[in-house]
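As written in Swiss-Prot, here are the features:
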- 7-36: FAD binding site (BINDING)
- 180-202: region 'Disordered' (REGION)
- H474: active site, proton acceptor (ACT_SITE)
Amino acid sequence: MTTREYDYIICGAGSAGNVLATRLTEDPDVTVLLLEAGGPDYRFDFRTQMPAALAYPLQGRRYNWAYETDPEPHMDNRRMECGRGKGLGGSSLINGMCYIRGNALDYDNWSTHKGLENWTYLDCLPYFKKAETRDVGPNDYHGGSGPVSVTTSKPGVNPLFEAMVDAGVQAGYPRTDDLNGYQQEGFGPMDRTVTPKGRRASTARGYLDQAKVRPNLEIVTHALADRILFDGKRASGVTYLRGSERATAHARREVLVCSGAIASPQLLQRSGVGPGAWLKELDIPVVLDLPGVGQNLQDHLEMYIQYECKEPVSLYPALKWWNQPKIGLEWMLNGTGLGASNHFEAGGFIRTRDDDPWPNIQYHFLPVAINYNGSNAIEMHGFQAHVGSMRSPSRGRVKLRSRDPNDHPSILFNYMAEALDWREFRDAIRATREIMRQPALDRYRGRELNPGADCKSDKELDAFVRARAETAFHPSCSCKMGYDDMAVVDEEGRVHGLDGLRVVDASIMPIITTGNLNAPTIMIAEKIADKIRGRTPLARVDVPYFVANGAPARNVAKAVRQPETV
């Protein structure tokens, strides 16, 4: 057994861990060990580097933990996919590259919780900007010199993108030119974490590329964290496995758990921190009975509303193997063409009821009919809307199955457990149909493929959701910030009741944000990095942002085509 000592040990080189490793080692007298269970970020592997190849990493286990849920009781008892990234970059290495920060009111709502007063949107915005370099330049809402490359969709990529945005506006919803700017609500272009050369902008590329040459950072891949070590109530180190070899590293200052919403509570529980009764079931010595570890688990669930496309403008030909070498060659040589986009270049956020204070439904538009993981491709020209609710009241949990770090935990999201879930998904399907029947899509829209035009009643829509809805791959909130009985960490990520231990990743969100989670996770890590370093927080940015204040969710009077009567 080998033993080394560092100031900080970071468990997990994902979206948050890479931020911390980079920022902490900016101080040359600080030493950091970064442990990652997966392998390196192979820059010549098109599966992770080509934006259009985003489905490939989910189809194997090289880059994907490939978790599976327990049978979900409200989803026909399906065991559902729960992919998480494995390798330098974590889930930013395998995600869909959609750069969505969330709604300003997400963070203002966090700040109403005891102890989280400094997590308002205006407190968080400087850290979003610090992390970002946007290709069209900085402004009041966007950064111009950060590690993460953000590309904004440009007109003319595919006529279906503009048609779908126009259709949303024709249906009476707002248009917005920036889903991460003044107004998230509405339809418009999507920002994406893609470099100017058409490569995936993971946190391994953006952050670790600048930090890995520093002598005070050691990165160890294929290193699976087994347990956090404690000296009384103080975290003192980590034991980890590299194949059959066990090693121990000691932390002079802190252990930073950045393993994500599934693996972070799993590691804490395996180390004796979690619900005491759960730990005793596995004969794990209890360091601290902390009941919230693994509880409050949240995710976004989504479904695909799919249509036949009457004109040959979809990506259907790109799915054919004989067209892919040309696409790959253009991407490899020039960083351009179909391979250089994730093809989520338009989307939006809407409220389905006037009394919703901020958007409760998200759209990703895609100019092909296919599942996110590349399965179930429709054999024709088609297009689809990925649509799902944003703040489900349902709550799940992550529970340790065994003391073996190689065993996956028991995961239950408890999807669709509340009446509000069903109402929102029915509303979402019906709203999507109203959008799709607008004139902007007349020349493209063929028959509805899924759920199908005959699926109309509440009972029929519910059956479709139970059978076909899938994860949006946004697990979060399982080690939440706060000061209530189920909170795990404080506003700086410090684990309650223990010293020298923090959790910094999407698991500490108290409530899931409105949209994709990579950008908020990076922001959280940037913000807490300043706390760890003892730096003065970045000054609040005093900019306006849209608040509905009870305004109608949809201007039906201005809709080009009025709602169908059923």
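Positions of Cβ are set from backbone N, Cα and C atoms, glycine also.
Annotated features taken from Swiss-Prot, shown on the structure.
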{"residue": "D7", "record": "FAD binding site", "Cβ neighbours (10 Å)": "17"}
{"residue": "C11", "record": "FAD binding site", "Cβ neighbours (10 Å)": "26"}
{"residue": "S15", "record": "FAD binding site", "Cβ neighbours (10 Å)": "34"}
{"residue": "V19", "record": "FAD binding site", "Cβ neighbours (10 Å)": "33"}
{"residue": "R23", "record": "FAD binding site", "Cβ neighbours (10 Å)": "23"}
{"residue": "D27", "record": "FAD binding site", "Cβ neighbours (10 Å)": "14"}
{"residue": "T31", "record": "FAD binding site", "Cβ neighbours (10 Å)": "22"}
{"residue": "L35", "record": "FAD binding site", "Cβ neighbours (10 Å)": "25"}
{"residue": "H474", "record": "active site, proton acceptor", "Cβ neighbours (10 Å)": "24"}
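Sequence-distant contacts of the region 'Disordered' (180-202) (same chain, at least 6 residues past either end, Cβ-Cβ under 8 Å): 41, 48-51, 88-89, 92-93, 97-104, 128, 134-135, 139, 141-142, 148-154, 161, 164-165, 168-169, 173-174, 331, 334-337, 339-342, 344-351, 358-359, 363-364, 514-515, 518-519, 543-546, 548. Across the region 'Disordered' (180-202), DSSP helix (H, G, I), strand (E, B) and coil residues number 0 helix, 8 strand, 15 coil. In this structure, the C-alpha atom of R23 (FAD binding site) lies 25 angstrom from that of the residue listed as 'active site, proton acceptor'. You'll find the Cα of L35 (FAD binding site) roughly 23 Å from the Cα of H474 (active site, proton acceptor). DSSP assigns L35 (FAD binding site) to a strand segment in the three-state reduction. Considering only the binding-site residues S15, V19, T31, the residue whose Cα is spatially closest to the Cα of H474 (active site, proton acceptor) is S15. Taken residue by residue with DSSP, V19 (FAD binding site) is part of a helix.
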